Structures are given as structure tokens and as C-alpha cells.
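What TrEMBL records for this protein:
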DOMAIN    11-111  domain 'R-spondin Fu-CRD'
DOMAIN    117-172  domain 'Spondin-like TSP1'
REGION    174-229  region 'Disordered'
COMPBIAS  197-206  compositional bias 'Basic and acidic residues'
Amino acid sequence: VSTELSQGCARGCDLCSEFNGCLRCSPKLFILLERNDIRQIGICLPSCPLGYFGLRNTDMNKCIKCKIENCESCFSRNFCTKCKEGLYLHKGRCYVTCPEGYSAANGTMECSSPAQCEMSEWGPWGPCSKKRKLCGFKKGNEDRTRRILQAPSGDVSLCPATTEVRRCTVQKNQCPEGKRKKKEEQGKQDNANGNRNRKDTKDAKSGTKKRKSKQRGAAVPPTSASPAQ
């Protein structure tokens, strides 16, 4: 019967047994299980060896063996990052030669398309606008952009578009400056109407005064006195 120990374990091991080696590694270390006849021996490592990838877990970090044929190191169980010597890497797999339409890039052992451009992710869509205005309309356009990270032979003309445009709809609203302008115009119109009304009132008063003055100035013809008898 294997007894568990917390003292006398190898460095970096928190719990171990005489039969199975380390059972639990210290935090940040990875446990690697090696087969030895019918036994499985656990050892603790700062990083996983070739042919394995590190899987971090809240319980314990483990070294998991790559399941890809002829793979020397991998990112995950089914995605290789480096093949064994003499083999070409293409999309996480190892090949004797690059697949049709692909060739080794820049003297490396990684296959890539000769006319393949490396593009960045699309940026966010910009605001909906029309003729450089952001309001006062219903239908407009919005765009987003991306960058060319790498072009074949440095020729960016072989790469796809870096800008994308689409139609957009905005809520019906008035521009703040349009409201101010409309308010100013309304104010001017009100002032003009007020001035016109005041002028009309003034003219009306003036006409009334003239008529009254005219009536006062009209002399009543004197009656002729009868001759004395």
C-alpha cells in the first residue's frame, strides 16, 4: 500500500508517495506523469517538455501530451507549433511537403500561400454620417478599417480592401446648431414682426392725431348780424 507523505518529498512537490512519486506540485509548477512499467510516476517541472503542452487549472497544473503525429511542441492537444526536424508545419499539422498552393515562408519550415496577406482584425464601426454631418438626416453611411500587417513581397496591391462601408439609419433628430440657428432666425423674425407692429401702431396713432387736429382747426363760419331796426 502506497502511503502519502507531505514531508520528505522532492523539491517543488507538496504531496508524494513512495510508489507514484509526486501527487501534487507546488503552485505555478506543472506535474508530469511518466509511465514506468505498470507504475505512473509524477514529477514537478517549471515548464512542460517537448511533446507536451501546459494546461493550467485551479486545482493543479498539468503537462498534457501532444496528440499530433510527428509534433515536437504544441499549443493544445490538436494544434502543433513545431514539427520534428525535416517536416513542414501547416495549420497546426506536420507534412513531408507543403500542401498544393503553399510554400515554405522565408526559408522556414512553415507553409504559407505566396499570395497571402496578413491583415489585422476589423476596427469598430464609426458613427453614422452624411456629407460629414452627424445629425439632421435619416440615412447615411458608416465605415470601419483594418491594417495590412504583412504583404507578399511587400506589394500591398495584392491585399484585400482595408476599408469597409455600409448604409446606416439614425433616429430622426435635429442638429444642436440647427436648433440654435432656427431659434436665432425665429428671434429675428419675431423682432422684425414686433418692429413692424410697433411701426403700424405708431403710424395709426399719428394718423388719429392728425385727423383730430384737422377737425379742431376747421373754423365754424360766423353768422351775420341782423341790421338794427
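Each Cβ is built from the backbone N, Cα and C atoms, and glycine gets one as well.
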Secondary structure content, the domain 'R-spondin Fu-CRD' (11-111) (per DSSP, counts of residues): 0 helix, 54 strand, 47 coil
Tally of residues which DSSP labels helix, strand or coil - the domain 'Spondin-like TSP1' (117-172): 6 helix, 22 strand, 28 coil
